[in-house]
Amino acid sequence: MGDEEFLVALSNFQHANGLNITGVLDEETMMIMTQLRCGVPDLTPPTTAFPYLTTFSPRMVRKRRFSEPPLVHRLTERAENAEYIANGWGLAFPRRTITWRLVREWPSSRNQFMTSNEVWFTVKLAFRMWSEILPRNFLEDNVSPVSQVDVLIGFGINQHNRCPVSFGQGPLIQEYAHAWALPKAEIHFNDEQPFVPSSASYPISLLKVAIHEIGHTLGLSHNDNRLSIMNPYYKPFQGSKNMDELSTSDRNSIKAIYGECEIPFDVAFDWLRQERSPDGVFRWKYNTYFFRRQWYWLYENSNKRPRYGDPKPTAYHWSGVMQLNDPHRKIDGIVHVREWNSPLGPIYFFKGDVFIEYDSRLARAMTSDSNGNRYPRPIRDLFPGVPYPIDTVFYKSDERILYFFKNHLVYRFHWTTKRLASIATIAATFPGWGGASPLPSNIDAAYYSYTEQAYFFYKGHYFWKMAGNAERLANPRMWIPLNAVGPRRRISSNWKDICDVGETELLM
């Protein structure tokens, strides 16, 4: 490398790392260069293996004489065909399921801090964390030919497995890993680094590094935001947090490539209950939950995203409501029957032809009601005239009416008299306003949001909002019918990052 090339490279390095662009290898620049970091360049990779490699060529690889593990064929192919390097950065991988494999031919015996099972679980967890925020699932594949696996992962030292990038050489002395983007992605961990499953100090968190490198395989480049998991330098802490997680910056970056998750729900529900606060006083609180099949998300309304680590299996966290092998396979509806001026009242879960009452104080399903009737009970016992299985249900406390939905009809059930009040079409009961169409048939879910003080309905990837006082005050000259709904909107425009994960990751 000539003096001019060195000056340009050094200036680019200083710019990418927020340093004063002096073109001089000063103390501050040297300190950054010796920090532990990812080996992927900070600038968008050009059509060579990495820009600082000037001596590598496929011909040099072929002169090496030792047995070829399965990975070699892909590395040689990558070196000879620069299209693999150029195509993956910033582009979405088209398939919904991305396969991965820990390549057993790579050495990993040098690590004294982790067992092979801990390595496997940590890598699997890192994939799971990405699947929680993007419309892709990840599947471990130890069966297909190695050439058909999307992401190959392994450990190496120095010049490892004919990789075009050597650990411990070049400008990045303290390199913990490097990666290539899909298609034909690879992640190489430096086996001389003291990895542990997860750590907020020393040694190095393999989970944090794996999340970072998987981000590269998905097409993300480095991010100079210090809170981002895609920042090139290893940080034990992200801001004030000592946990491994994906920041708002990371979420926005991956959505720019892959778009928003869009999935239908079976149930939406605000769980209002009493909980003991740190000062020992019981206070009322609520959380929003979305249920789909046999798992659920707790949605953090203040952060506009689900809780980290969701979805979770319903059977594990809603005691007595559903079993892992539950024949109903899903919850049809949840309703809290409470008066408008009181948070008290029973909570019912509906599944197939039965319903269960939930005890919020004990956080488990009740085995019997106050009269000794055993749960689960047939729906017809307490709600005569209501068909089953229902599509969904919600309660209007000002009317003391439960609205049960089934196909194109809505059944209005009077809670006080325990009698069916009326049966009508959904379109007639929930007309549109302001030019919007009526609520369609066969809706998936309905609920009252305490956060937005409004009723919402869901079907497929769309939702409708029932007009309330806010809409009537904003449109004083317009007649808005009772129960009228506005135009449909995409669920992902209001509830972010509610994503499916692969079923093999669900139980993690």
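Numbers run from 1 along the shown chain.
Backbone N, Cα and C atoms are what each Cβ position is placed from, and that goes for glycine too.
The model shown is predicted, which means the values in this text are computed figures rather than measured ones.
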Checking TrEMBL, the member of D326, D332, D497 that binds Ca(2+) 4 with D279, D444 is D332
When each of the binding-site residues D150, D191, D279, D444 is scored by other CB atoms within 10 A, the minimum falls on D279
Spacing of the two Cα atoms, D191 (Ca(2+) 1 binding site) and D444 (Ca(2+) 4 binding site), in whole angstrom, works out to 50
What DSSP gives for Y375 (phosphotyrosine), in three states, is coil
Rounded to a whole number of Å, the separation of the Cα atoms of D444 (Ca(2+) 4 binding site) and H222 (Zn(2+) 2 binding site) comes to 40
Averaging the pLDDT values of the repeat 'Hemopexin' (328-386) gives 93
Helix, strand and coil residue totals from DSSP for the repeat 'Hemopexin' (440-498) stand at 9 helix, 19 strand, 31 coil
Across the repeat 'Hemopexin' (328-386), DSSP yields 4 helix, 21 strand, 34 coil
Taking only the CA atoms, the spacing between E213 (active site) and H188 (Zn(2+) 1 binding site), expressed in whole angstrom, is 9
